[in-house]
Every structure is written in structure tokens, then in C-alpha cells.
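Under the heading active site, proton acceptor, TrEMBL lists Asp78. According to TrEMBL, the feature active site, proton donor maps to His106. Here TrEMBL flags Lys206 as active site. The GTP binding site annotation in TrEMBL covers 77-83, 105-107, Arg370, 396-398, 479-481. The annotation IMP binding site is assigned in TrEMBL to Asp78, Glu79, Gly80, Lys81, Asn103, Ala104, Gly105, His106, Thr195, Arg209, Gln289, Thr304, Arg368. Residues or ranges marked as Mg(2+) binding site in TrEMBL: Asp78, Gly105. What TrEMBL records for Thr364, Thr365, Thr366, Gly367, Arg368, Pro369, Arg370 is substrate binding site.
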Amino acid sequence: MSLSSLSLDSNPRFAVGGPCYRRYPQLHHPRSFVACSAKRPAVSASLSVAADSAATESLGRIGSLSQVSGVLGCQWGDEGKGKLVDILAQHFDIVARCQGGANAGHTIYNSEGKKFALHLVPSGILNEDTTCVIGNGVVVHLPGLFKEIDGLESNGVSCKGRILVSDRAHLLFDFHQEIDGLRESELAKSFIGTTKRGIGPCYSSKVIRNGIRVGDLRHMDTLPQKLDLLLSDAAARFQGFKYTPDMLREEVEAYKRYAERLEPYITDTVHFMNDSISQKKKILVEGGQATMLDIDFGTYPFVTSSSPSAGGICTGLGIAPRAVGDLIGVVKAYTTRVGSGPFPTENLGPGGDLLRLAGQEFGTTTGRPRRCGWLDIVALKFACQINGFASLNLTKLDVLSDLNEIQLGVAYKRSDGTRVESFPGDLRLLEELQVEYEVLPGWKSDISSIRSYADLPKAAQQYVERIEELVGVPIHYIGIGPGRDALIYK
């Protein structure tokens, strides 16, 4: 079955003629736009003036971003944040991670098209003039970090002197990962669907105040006692966790070696970040996960253990709210989710399978197939409200190119037909509500080689502009492929 043969009524949630189905009016005349990509292929002399003008406009768009800017996810993660960070990093001095851990999976490509999958190292690492900061709000698994650094170095990416790790960041140990799996097994049918990377247990250690921080590695004389407390606590909580003296001894020996290697990276990043702000250096914050997985604002308890929304920038880096300027929200042209939890616009029929295959929707971190569905405008407006986005990056627009029609989930309704005004925190309501859809025409053509907004098919422009109209935030960046140059500036 091909994308072009996708039937809109393949999922009963939005059957044609059903109560949650509304057809959007026919194509209107688009506004005029001039746009381009950050990197353009070689052009003939006759086009050089136009290309130069377009490139100047692209640089102007990026150059207008504030001194401290951020890139955050709008949905349930996997929106393509890493690519935008990689592109923008060429114009920033520092790229910083403020929360999460190796549960983040950011796939980026260098100028030669080589693929890199990053989990802890900020996506600015491919730009040799960029300093990468792992902030105090991140939980750090040192074996994973060193493996990532070794992989980058072996592929010609220099990391020496370019990665700073906060002395206040908490250490994530292998046993945190084991506990994560035991915890999921306990939950049985109500499991969260975590990456089993130990993120939740590590943040739990942090919050109950028996965690171990990066700076503690400078005091190896007290590390055995602190580790013993952590391991004993885990053994008391989980019957399946077997704590032995050998485990403690092996862990201490391993972390003596790690401490020696990590020492050049350890930094008081709170001072570094604030000093950099005083020096007028440009800083780009890279969010992991996304707003709908936020510990407070997401679909709790099916969320991550940190704050991937705007508030996490300040607490995870130690910078003042007034220092934070433009925030860019990254949103996929449709919606995906990994793991358990509510997903109002999920397409459980063939349409969801087709989106998954066309978009290659398999997790960077876990390889798990992602659940797929139409773009959820209610959730997107909620994310924009919480974060105060200055603009949006709409990614993977090209994935929709073969569809005859495309749907937008524009409203939620209760079973009695009354409208739900915002994204609810009540999980039972989320599971029971009905989604009202608008249907827009597809464009039925390959757009992956287009680099100017004005050259997009009119139906593609209509889709972009309708999203802008519904959420009230401009879309300044449009992804139409995985490569660095596959970006339209609008």
C-alpha cells in the first residue's frame, strides 16, 4: 500500500462524515515570501546575484536571534531538534544542554552527509568553533559519554577542550539503568515506556538527596561511602536488585579511572555561562525530549523526569530568566510518540503505519517504532503557550508529499459534544475525548529539493500558513529532508 492510496477513513477516529470531521475550504492565495537555505549548492553565474541575496536573507534570520536563544521540542520528542541546533550552532559560540540525559537522541549530518547520533554531547559539536556545555540539570552516564566522545574523535570530530561538564550535574550509574528496568517490570500493564537508560532513577536519587555529582569525583576518599548508600537504598527498594561487596568495589575502581579522564572536562558551568553572557557571547540552548513529556506539563505519569520546557533552561544552566531571549519550538508536520500514554490524534490504522515508514519513525536511542498520527494543534498551542515561542521550525514536511489529503486535529470535544478549551491534565478525559479535524489538500509532489518558500506547491504553503493561523506563532524554518541544506527559511 502506498502513501498516495491512504484513505482518510482508515482510522475510525476521523472517519469521513463522522462527528470529528471537518473539511477545510479550498486553497486560498498564499502570502508572498522570499526564503532560502543556509547552504546552497553551486549555481550558475546568471543566478549568483539571486543566490547571494537569498543567502543574505537566511543569515539575517539567524543573525536576528537574541544572545541567549533556545531550541525546544513541542510534542513528545523526536521532532528533529538536533538538526536545527547543528545549523544554528555555526552562528553561536556556545551550545548547552540543560536537562535530560542519554535518553535524548539527536540525529545530525555533517557537510559530507555523514550521520551522527548524539545522546549526551550537544549537537553543536560538529561546528569546530562551538563550545559544548553539559549543564547542571543533565544526568550524566560517564561510560556512555566517553563512548560518544570516542566515536566522534574516531570520525575526525575534535572534542578536546570543547566539551564542558558541570560539576553540579548528577552521575547516572549502571545500576540506575538496572533499577529502571525493574521499576518498569513492577508496573506491569501500567508501565511508562521509558528508554530504560536510568534517567528516572537517577533524578530520583537527586531529589531524595543521596545522589552523587560530577564534582564528587574530585573527592575519591568519600566516594565508596556515598556509593554504598546509593546501592544499599536500591537493594532495600527492589528485591530483584542484588547488591554485593564486589559490586561496590568494581564500581569504585571504574570511577577512579573515569574521574581521571573526566577531570579536564569538569567546569563550574554556572560561572562559565554567566561569565559568557557578560562577555556578550552567543549561547544556544538545546532541549532534550519535549514539552508534552515535561514532568509538570506533560501527560503525567507518562512523561520524562525533567523539565524540557522553557523553565528548565534557567534551572538546568543557572542563568536568569531575563537573560533568555528567543525560543524556537520544533514541531513535526505530523505527530509521533514513543512509549505509553495518551495520544489523541494517533492513527491506529494503515495511515499510521505509512507515516512511520515514510518518515522512518524509529527511535534514535532505542530503535523502537514510534506511534504516528496527524498534527495535534491543541497540544501545539499548549506548548506554545507554556514556552512563549518566538517562532517554530516545522520539520519533515516532505514526509506528507504523497498524500491526497492531510488532516489537522484542531479541537478536542467531550463525549457530550462540549469543547475542551486547552490540553487537559486529566488522563481519563484525554483517553475519552474526540478530536475534531480539518482536512487540507495534499500537494502530491516531491518537495525535498526546494529551497525557497515561494517555490513550494500552493497546497504545501496553505498547510504551513494554516498551522501559523491556528497557533498564532510564525513558522520561520521548514525541514524538507534530513540533510543540513534541506531547510527552507521563511
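Cβ atoms here come from the backbone N, Cα and C positions, even for glycine.
Remember, it's a predicted structure, so these values are computed and weren't measured experimentally.
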(message) Going by Cα-Cα distance, which of the recorded positions (Asp78, Gly80, Thr107, Leu397) sits nearest to Pro369 (substrate binding site)?
(response) Asp78
(message) Spatial neighbours of Gln289 (IMP binding site) among the recorded positions Gly77, Asp78, Thr107, Gly367, Leu397, Ile480, defined as Cα within 10 A: which are they?
(response) Gly77, Asp78
(request) For the recorded positions Lys83, His106, Lys206, Arg368, Arg370, work out the Cβ neighbour count at 10 Å and name the residue with the minimum. (result) Arg368
(message) For each of Asn103, Thr107, Thr366, count the other CB atoms within 10 A of its CB; which of these binding-site residues has the top count?
(response) Asn103
(request) Could you tell me which of these binding-site residues, Gly77, Gly80, Gly105, Gly367, Pro369, has the greatest number of Cβ atoms within 10 Å of its own Cβ? (result) Gly77
